[in-house]
Amino acid sequence: KVDAERKKTFVLKMPMELTQSRIQKIWLPNDNRPALPRRSCGPQLANSPTVIVMVGLPARGKTYISKKLTRYLNWIGVPTKVFNVGEYRREAVKHYSSYDFFRPDNEEAMKVRKQCAMAALRDVKLYLTEEAGQIAVFDATNTTRERRGMILNFAKENGFKVFFIESVCNDPTVVATNVMEVKLSSPDYRDCNSTDAMEDFMKRINCYQASYQPLDPDDYDRELSLIKVIDVGRRFLVNRVQDHIQSRIVYYLMNIHVQPRTIYLCRHGESEFNLMGKIGGDSGLSNRGKKFALALSKFVEEQNLKDLKVWTSQLKRTIQTAEALQLPYEQWKALNEIDAGVCEEMTYEEIREQHPEEFALRDQDKYYYRYPSGESYQDLVQRLEPVIMELERQENVLVICHQAVMRCLLAYFLDKSADEMPYLKCPLHTVLKLTPVAYGCRVESISLNIEAVNTHRERPEEAKKGPNPLMRRNSVTPLASPEPTKKPRINSFEEHVAVSSALPGCVPQEVPTQMPGQ
Amino acid sequence: SPARELTQNPLQKTWEPYDNGLPAGHSAQRGVCMTNCPTLIVMVGLPARGKTYISKKLTRYLNWIGVPTKEFNVGQYRRDLVKKYKSFEFFLPDNEEGLKIRRQCALAALNDVRQYLSEENGHVAVFDATNTTRERRETIYKFGEENGYKTFFVESVCVDPEVIAANIVQVKLGSPDYVDCSNDEATEDFMKRIECYKNSYETLDETLDKDLSYIKIMDVGRSYLVNRVMDHIQSRIVYYLMNIHVTPRSIYLCRHGESELNLKGRIGGDPGLSVRGKEFAKSLAQFINEQNIKDLKVWTSQMKRTIQTAEALGVPYEQWKVLNEIDAGVCEEMTYEEIQENYPLEFALRDQDKYRYRYPKGESYEDLVQRLEPVIMELERQENVLVICHQAVMRCLLAYFLDKPAEQLPYLKCPLHTVLKLTPVAYG
């Protein structure tokens, strides 16, 4: 009734006056009515906060899935954080002695473990209710109905939705590989040799086996929202998907795989417009750009890859570059460079002269800034999401694209925030080689030693750091996955490696910053 | 060898390599070519489980996103062969004559599938029949293998008698089979028909069918079992099937109110509403109020004219950039006369193939469809929605709901100040 009354009042008053926000170019009503909840950019992805609860024996990929999913959700703009109970345990119990800690009859340890789970849940609540978090990933074994029941009660008390992700795998080879990839280098085993570590860990897994109650969507768990991932993605069981974000999560999980592969990212060769300092447009390659294309062809051949897919945009310069490879390639319009709208084909000097306010605004907030009649980095992320999804499905891929586009893709792989994304270094004539390793991505920067202009503009001194928190609300804002509340004391994955075929006089090595968040 | 020259296709504005003046291979356009080998989708399930509903809807979706798809309903073949349906006895498992005819129909349908996929450039064929025995499915799978098709099974399992009864009322009572029967007679006969299949029904099995690619849909989408998704198109099919629902609801499509540029006959731009446009917005508010719609979601583009229109409703709305009008590139804010004058070739090309024609530095209808796909997916998930958009955008969305092919899409009538109310009914 109140709504009907309010509706009637609005029908009568009706100024419909709008103002366009200066940075994002979003039309908003310019009177100060009590704000009707208004979404600026795309569908409202989730209403109540969601707790994602991982389920599974040790070494089933729960942490791998947690981190990867969190990275994806943050990139598409859904604030997400992982809460790994193992890390809380490592904080509480400074030194791990052996699998005995995990024996079901070890009452002292059981107490500690339960306390750690509770501490993690407290932090989940804080994150979702006071820190603007939208999704919390509760990463622990959660193998008993009792534990899951406790979590469900916790969620109910706080008005959170719950979505379970169970990883089931009985293939001993897969389990052994997981243990080698990520467990042997865990802080728990820093004083052990590999054989001892492996033996201890297998006994640790055994501790959970007897009490493991897998999710049972046919009967006991039929009311729960869940996905069961079986045998590393061969098979999935999905029950009661409640909303849009859960549907996206399911789709993502069904598209990722763990096959070793490499993703190569590079820009087109130097273009005629690059030489003139003009942005955008659809120019062809300069002479040096053509040289790069040939060098790229040689590089690709030397990599000796099985079944390389090559993707380009629909702009001439990336296609010309691909042509030199003499391999089949696919053109994606979604990979086109950011549309600079009225500033297309201008130099930065011309923009500064003719659109001084726009020029300043862009430096103020480069991620959200939308060119008049053009796009923003934020728009780019939305248009690139299908590319990311298909990259996840694929194996070896070379993506020949553009500066802003490459920054967006790189931010996804390296877990970079919206704030950092527009300033990632993606120089011409340099290939970034990304290899999945442990929980993240190894990146190698390879310059092909062909001179080119430098198109990178550093963040200006006076530009504020960090996106305006008011603007972050309800928008597609990639965040880097937040630091876990309890940090492991030793990194459990490799640092990035920078490789260059250094020769005197080559373009200075610009190595993108490091590894994904913990 | 030197890099091949690139030429820009005048219609689609795509760059293509030329070898001695002839278009060369090595380049594919993403978005259309999503499949390497053809895909055979095989429906599985007892009668009245929604197989035909799913077949038709999936076919409509795949065609809309540009994957040539066709459904082959074996029941239709049976109706063509056996002119008059007498009773459920035709389907008795010991009716030799009936079995022979039914098998014949299945083979005839498969033959047409082969023609469609191997000779008529079809990408996906949906084989709509009960396919409830392992033996029948093996025959089909072998057929697929022999012809180089990937096979993907879609099984619908449902035991809820209410759902089945509702299905029968929705789509079976009106079937040609029961044209001379009363509703009660038809229902009784159909229930006996279902019984004929039950004894021999072999559901897709976790162990026996572990090497097949399939999705098992349970209880109209409450849960799903997905096994061995092989490629991109199967992944998209699974995602689509997991997002559709059958809850009754209505979708309202309309354009923004008349704009200042509409008045001047200019296309594109980002103008505000004219006086009449504002009147429309008020009327729309009144119309929506009168419709008394439960939990209506309102979506607009990010262009001023749709937002102004939504503002009049006094309810929350969401702005989607992907609902923005087609980008007319260099022709933005021109009148059609000015376009004809300044860009006569472009003007002519657009009339030649309006769906594929891309404005210089702009978009085509084909591009629009690709950018609107997430809107369609979310519309499938939602219930009551009002979409306030633009002419070209509305045509694309309408074409999806009304199953209009690419050739007709750019000419669908979407006048200003008119609301289209879409309600799902039976198979459409």
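For all residues, glycine too, the Cβ spot is worked out from N, Cα and C.
According to TrEMBL:
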type: ACT_SITE; residues: A:H268; note: active site, tele-phosphohistidine intermediate
type: ACT_SITE; residues: A:E337; note: active site, proton donor/acceptor
type: COMPBIAS; residues: A:455-465; note: compositional bias 'Basic and acidic residues'
type: DOMAIN; residues: A:39-260; note: domain '6-phosphofructo-2-kinase'
type: REGION; residues: A:455-491; note: region 'Disordered'
Ask   = What is the Cβ neighbour count of A:H268 (active site, tele-phosphohistidine intermediate) at a 10 Å cut-off, with all protein chains included?
value = 30
Request  = May I ask for the distance between the residue listed as 'active site, proton donor/acceptor' and the residue listed as 'active site, tele-phosphohistidine intermediate', taken between their Cα atoms and rounded to an integer number of Å?
outcome  = 11
Remark   = Taken over the domain '6-phosphofructo-2-kinase' (A:39-260), the predicted model's pLDDT averages 94
Ask   = Counting every protein chain present, what is the number of Cβ atoms, excluding its own, within 10 Å of the Cβ of A:E337 (active site, proton donor/acceptor)?
value = 24
